[in-house]
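Taken from TrEMBL, the feature compositional bias 'Polar residues' applies to 12-21. The compositional bias 'Gly residues' annotation in TrEMBL covers 47-63. As annotated by TrEMBL, compositional bias 'Basic and acidic residues' applies to 93-104, 515-524. Here TrEMBL flags 1-107, 502-524 as region 'Disordered'. What TrEMBL lists as transmembrane segment is 114-133, 139-156, 168-193, 240-268, 303-327, 333-353, 365-386, 406-428.
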Amino acid sequence: MASTKYSDKGSAGSTVSTGEATQDELLGNNRSSTGEDGAKVDSGVGEIAGSGTGVAAGSGAGSGVNASIDARTDASAGAEESKPFEKANPSKNSDDSDPDHLPVDVDEINGRPVTGLMILGVGALFTITMAGLNYINSVFTPIFLALTLVLAFRPIGRTLIKRGLPSWFAILTTFIALIIVFTGTVAVTVWSLTPVPETLMRYTGNFEKMVGQITSLLDTYHIQTDDLSKYLKDLNFNSLISWVLGLLDSLSSISGLITIAIIALFFITLDTTTTAARSHVIRKSHKNLANALAGFEKRVRHYWIISTVFGLIVAVIDVFALEYMGIPLAWTWGMWAFITNYIPNVGFVLGVLPPMLMAALDQGWEAMLIVMVVYSVINVVIQTFLQPKFVGDLVGLSPTVTFFSLILWTSIVGVLGSILAVPLTLFFKAILVDSDPRTQWLDVFLVSEGDTKKRNAFGLYDVDQSVEDPLTELRNPLSERRIHPIASGKLKLSSLSRQLKREARTSQQSVESGGNERPDAGTK
């Protein structure tokens, strides 16, 4: 193939790059360029061989080296630009219009396959995993529950070992604490629900009267709800009692799950109290996986501890409120509120419905409304104002992801899936997303906005770390603002005033230091 010249002889004996290259050179072949009359420019040598006359050093040599570097730079740039073309088109002579040789969507940074295929693969793996978990849920659920509880109690054993106590004592102490908490919670729950059927039997007449009032109210306002009316007419108190008894029977039938959970608690505690050597190996060989598992342990521990503490606070306040109002089974409804506090999003609704029904049966509609208002106020104050101040963004999952995880895990692993929805989501997020840098970008679709900002600030995402100036909106014209930040409560007037004064002072100092200061600058 004829070679297009890269350099020509200049008037002063120097070479001038023509800016043209052969197709082989564009594909990255780093070869020396040879002039038409025998002039040769080699890498790092400023020697020019003319027609029987050699000119070395001086401006000619320097120009030759510069021209060679420029030519090689152009060729390298052309080669870099042609790499995606080579990957997409193995045949250099193929026609671009041929559908069989269309370019493939390749990541410009790492050359990875298209993102859609990656998502499809992760989705297929996740679907297969969920089907398998549904098949073994009776074994998987108690074991996973035991694992998360051991992680929550793990600091007890670590603290004892750090203080010089033997490992067996730390393991035994941790296991005893787990058994007391786990079996105590199950026993108190069953004990509190046991008197419910007997108590409800005393309100058979009130229940039928309440159903009649609802039916007549619908007829008064001419509300055409045939299905609801038929359901209310068919509804009787015996069916409600049967449902409660069935619930208690199902609780008593989970003794097998409780046994598996207790055995799992012992062995997991025995195996995870001291893990320094194993953690070191994992961190050295798979650092991202080690960080993901450590993050899962921290988040699930915070989830159990904070949910338990605030659940107890809500339950105690509910019990005192119901006792003050004279609602029967106040301790039962308090325990029920504590259990449903672990259920995300809809736990409050599930916790308030039974005491509302009990209040309506015992004291009428007014008492039911009072119970609803009291529960709502307690829930808003505790979970909206107090809890975020202590824990901030607790688990990092967005509300939408939390809600759909509740539906998903309840349908896959049963009733316990509603309580384990958040820990299960955190676990699979750590394994499938956080452990691999190639899938960490999927994290932004799962976590909340606040957690995304934190992770971006710490450099966990491979994106620009610059943070937008919070006063940018204030500097825009009023017509470009939707709501003034001060009026919306996003900025405080005092901090805004201080910030603007600092900026004005800095601007004045920069003007004065730029040579524009007057003779009496700096004095007043």
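Each residue's number is its place along the chain shown, starting with 1.
A Cβ is built for glycine as well, from the same backbone N, Cα and C atoms used for every other residue.
Counting Cβ pairs closer than 8 Å to the transmembrane segment (139-156), the top stretch among 114-133, 168-193, 303-327, 333-353, 365-386 is 168-193. Listed as Cβ neighbours of the transmembrane segment (365-386) (distance under 8 Å, sequence separation of 6 or more from its ends, same chain) are residues 310, 313-314, 317-318, 321-322, 325, 327, 337, 348, 351-352, 355-357, 359.
Fewer than three CB pairs closer than 8 A are found between the transmembrane segment (114-133) and the transmembrane segment (333-353), and contact between the two stretches is not assigned (pairs 6 or more residues apart).
Long-range contacts of the transmembrane segment (333-353) within the same chain, counting only residues at least 6 positions beyond its ends with a Cβ under 8 Å from a Cβ of the stretch, are 188-189, 192-193, 307, 310-312, 314-316, 318-319, 322, 327, 371-372, 375-376, 379, 383, 399, 402-403, 405-406, 418-419, 421-422. Cβ atoms under 8 Å from those of the transmembrane segment (303-327) belong to residues 148-149, 152, 333-335, 337-338, 341-342, 355, 358-359, 362-363, 367, 370-371, 374-375, 378-379, 382-383, 386-387, 390-391, 394-395, 422-423, 426 of the same chain, restricted to positions at least 6 beyond its ends.
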